[in-house]
Amino acid sequence: MSRYRLYPTPTQQAALLEQCRHARYLWNMALEQWSMWTPDKRPTPGYVEQARQLTEARAASGWLRAGSQTVQQQALRDFDQAVRNFYAGTHRRPTWRRAGVHEGFRIVGSQASRVVKLNRKWAAVKVPKVGWVRFRLSRAVPDAKSYRITRDRMGRWHLAFAAIPPPIPAPGTGEVVGVDRGVTVSAALSTGELLTCPGLTEREQARLKQLQRRRARCRRGSKRRGRVKAAIAKLYARAGDRRKDWVEQTSTDLARRFDVIRVENLRIGPMTRRPKPKPDPERPGRYLPNRRRAKAGLNRGILANGWGDLVARLEHKAAGRVEKVNPAYTSQTCSVCGHCAPDNRESQAVFRCAACGHRANADVNAAVNIAAGRAVSARRETPARVSPKREPQLAASG
Ligand SMILES: [Zn+2]
């Protein structure tokens, strides 16, 4: 993704926001249709049916007709893709788009290639119904078939061309690396390296909490509330920028250094591991702190996104060299002797093999298993995945 900072004039900003509103309206409408579906109904309208409904809606409403049809159709197509991704198990359920948070739309096709260079530092893109909008030429514009315009919570506009970066050639050393999404760090490598995706510092997190409390005390729609919201948005944007930088640097580094990169396949269901409750040996029935609260909150969301983005970028930069491994039991299996048991743990962070006594960082141990492709231990079969929608089965059949 090549991203540029967009500098619309105040009039253009209003026009862009209107397009965002249209895209959001249609996405939410499609989401509503989709989520009202129950098994006794006929299939939910797919993209083709929704596009037909859009034509009718445009004929009936001057508000929609004033906007760009490309933008509106694309919002429906994007939603359709989001539903497919959800059923394929690669993405989570599509969510509602909110004003001020999800501001953006996409332009696809021939309209996406209307870009002119103004001088060495500036270029302009022709946005339907908005006109020529200037953007800063921070790098060469790729040959892309679509772009997306977004406004972040701080009010900054960006233009991103959906161009897949040229793949990075393999080093040719035959080296294989395993990457595990860690519990205590963002990613652990089988080489023993621990990588941390920077979120917010402790100080910034404390400030965020303070601002959120202050926002709760402000009257809705007041000027003070607006200022507090802007300060919160600034922190979120900062964390997002850091995450993006980290993903780009880490994916480039891995693609350059290793021939084969093995990552755990995306887990369906809870996205982050929950730390186990730790019983207090002195007081039965009570529990010791297990840092569960520490995992909740803003940073967790950022790290979860960071992982997904990292894998997606790796698949672009190291095309054909990324292998996805079933993560079942990688955290319980000893990377030295292969012994697999749930009690192969000294603590959340330290792995200790009950059979051979091998002791290592728990995330690194899992990364070594992933590198070996030893996802499923010989001693234990992967349990069959049971759909939560399936009716309960009799235990006797097992
Ligand atoms: Zn062992």
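FYI, residue positions are counted from 1 along the chain as it appears here.
Glycine is no exception: its Cβ is also placed from the backbone N, Cα and C atoms.
What TrEMBL says about this protein:
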COMPBIAS  378-392  compositional bias 'Basic and acidic residues'
DOMAIN    165-273  domain 'Probable transposase IS891/IS1136/IS1341'
DOMAIN    307-370  domain 'Cas12f1-like TNB'
REGION    270-292  region 'Disordered'
REGION    375-398  region 'Disordered'
The domain 'Probable transposase IS891/IS1136/IS1341' (165-273) - residue tally per DSSP class, helix then strand then coil: 51 helix, 16 strand, 42 coil
Residue distribution over DSSP helix, strand and coil in the domain 'Cas12f1-like TNB' (307-370): 20 helix, 13 strand, 31 coil
